[in-house]
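Structure, as structure tokens:
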């Protein structure tokens, strides 16, 4: 089960790094900065890095890889779409609050808005993320779009999602560097005080987290098989007339770990065979 174990290593590593990134952000603002608050001061600004890291980076990363979790392959595709969209919506709400915090802080302190490259790219990627969310729900979650349209737009949907995710991480790295340059005076950033080392390490953590997420979602062997393949691999599915035959296709809570591992590995082998034969669509 080499493929399954490799996936688990990547998955656990990414989750640990993502969670560690959130912890690093909290330690940064609570220990070295002014803490958290909502009074128009620096403590309100500190919500910006905390919410961007936890929502726009960590939760978005989970939303991207949720289809790759083998133990969810017995869940219905519709259920997974709701989970995928729900996680993205949660990340978007976090991001909006983060934007409100930084604009509120700037306005309270008479600091100009939207003058840095960080702010330009940051606002652009938020708008693109909102557009991606609206189009994704309209095309893939609501039952109005044709299957041909969904299949045709899937490569664009995947590419734009990964592009947005990578841009978010790059923008976050720009932002934390900008914050350190502005904030560290005695000693300056160039002298590498403990805060600088700590925050630089935080930047490396979210960078590696993003790399692991992209690797997992672009590895063909770890792709969720189509619904027909899942049913073929699972002998206990409901019959066409609706009679019960021990189906787990819509209930993923009772699947044994050994069955998940077996089915996931068999599914990957099936996917690779289809890829080699040129039979598999972009879905």
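For all residues, glycine too, the Cβ spot is worked out from N, Cα and C.
In terms of which side of the membrane each occupies, Swiss-Prot places residue 3 apart from residue 183. Range 150-177 is the one annotated as transmembrane segment, of 150-177, 234-261 (source: Swiss-Prot). The record from Swiss-Prot ties 48, 113, 114, 115, 116, 118 to heme b 1, and of the options 34, 178 it ties 178 to that site too. Annotation note: residue 68 (heme b 2 binding site) sits in a helical segment as assigned by DSSP. Each of 66, 67, 80, 224 belongs to the same chain as 68, 77, 84, 157, 223, is absent from that list, and has a C-beta within 8 angstroms of the C-beta centroid marking the heme b 2 site. Under 8 Å from some Cβ of the topological domain 'Extracellular' (104-116) lie the Cβ atoms of residues 40-42, 44-45, 48, 123, 178, all in the same chain and six or more residues away from its ends.
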